[in-house]
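Novice: The structure is given below, and queries will be raised subsequently.
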């Protein structure tokens, strides 16, 4: 796969590795740090994460709009500057309430940079298909593998060292960004054709009603998949550490396992996914069924090895489902909205990070404990299956109508 990736996409890929390695120093420990170090209740900590994700959604959309309206380089520059400032502040001020404010600053930066990198991945690959998005997804998970592992080592010396490590990686990313990203051909014919920079002769397209509803159902399916998935980062982390005796270091290692499996598993999965290259729906179906299986295992796990098995199923499910979502969004995006559509997809993942901890905590505390959380996860994943099925039906119908219209026009000419 590597030899087929263009230079500009490689620049984006390496940037994602550096970015997510640094961010992975922070997010796996947020819930644990707020509840155990800052003395916050699970509900209060979840509310903080809810607001953090809310600002991330807004910044994702704003970043996507800036990407389309002006330049991807401009949107990424703004996000990078905010990231450096927020992580620098976090190094010195991580008590209450400064930790919360700095976390929200990181959330703003993540939204802008993520939407920009995913849009750039689609626009810098010749076909704009799954290959580019899969490459950026793998890059992200190299960071997931390395970041928590390094953070776990630093955490033994105190959380202040973890936040210093995050700041160092933010500086490395910023240096890499300003040195290499300006070399990307932001004015290439493909980029200018699919975004709406201020150039004469470039007209913005608008989606049909079927295409718009298809995109809405795609976002809904993604949200319904991400809501259970994020429980592994939030309420299940508390369940594992406080009820099942899993240490913070062991929990961090679960996410290192997640990233390592995604990176190493590509050697096995790429040939498998190749068989489903034109069948994105099948990829998402497989992913959702593996998500369900991961919760079945976690629900019955009594020792750490059980959660390791559950994480393995969750990870393989990700490898099938997650790259397919932005690929479909890229297919649905009209010219002039590539950045916006990727921003909205990223916004759905952020919305899940916003809602899942808070809603999950309410379910656990008021609706029957951890078992109710697992039941809710199964229901949401079942609804995701329905939503993505309807999405594909509408997308195919829209494509058929467009094809029929083109044939009719060509016959008239």
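Residue numbers in this text run from 1 along the chain shown.
Backbone N, Cα and C atoms are what each Cβ position is placed from, and that goes for glycine too.
Below, the features straight out of TrEMBL:
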- 8-395: domain 'Major facilitator superfamily (MFS) profile' (DOMAIN)
- 9-27: transmembrane segment (TRANSMEM)
- 47-67: transmembrane segment (TRANSMEM)
- 74-95: transmembrane segment (TRANSMEM)
- 101-123: transmembrane segment (TRANSMEM)
- 135-155: transmembrane segment (TRANSMEM)
- 161-181: transmembrane segment (TRANSMEM)
- 210-232: transmembrane segment (TRANSMEM)
- 252-273: transmembrane segment (TRANSMEM)
- 280-301: transmembrane segment (TRANSMEM)
- 307-332: transmembrane segment (TRANSMEM)
- 344-364: transmembrane segment (TRANSMEM)
- 370-390: transmembrane segment (TRANSMEM)
Novice: What else in the chain is close to the transmembrane segment (344-364), if you only count residues 6 or more beyond its ends and a Cβ gap under 8 Å?
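Specialist: Here the qualifying positions are 31, 42-43, 45-47, 49-54, 56-57, 60-61, 64, 107, 110-111, 114-115, 118, 215, 218-219, 222-223, 226-231, 233-235, 239, 325-326, 329, 370, 372-373, 376.
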Novice: For the transmembrane segment (74-95), which partner among 101-123, 135-155, 210-232, 280-301, 370-390 gives the most CB pairs under 8 Å?
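Specialist: If we count Cβ pairs closer than 8 Å to the transmembrane segment (74-95), 101-123 scores highest.
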Novice: So, taking each listed stretch (101-123, 161-181, 280-301, 307-332) in turn and counting its Cβ pairs to the transmembrane segment (210-232) that are under 8 angstroms, which one gives the highest count?
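Specialist: Per the Cβ under 8 Å count, 307-332.
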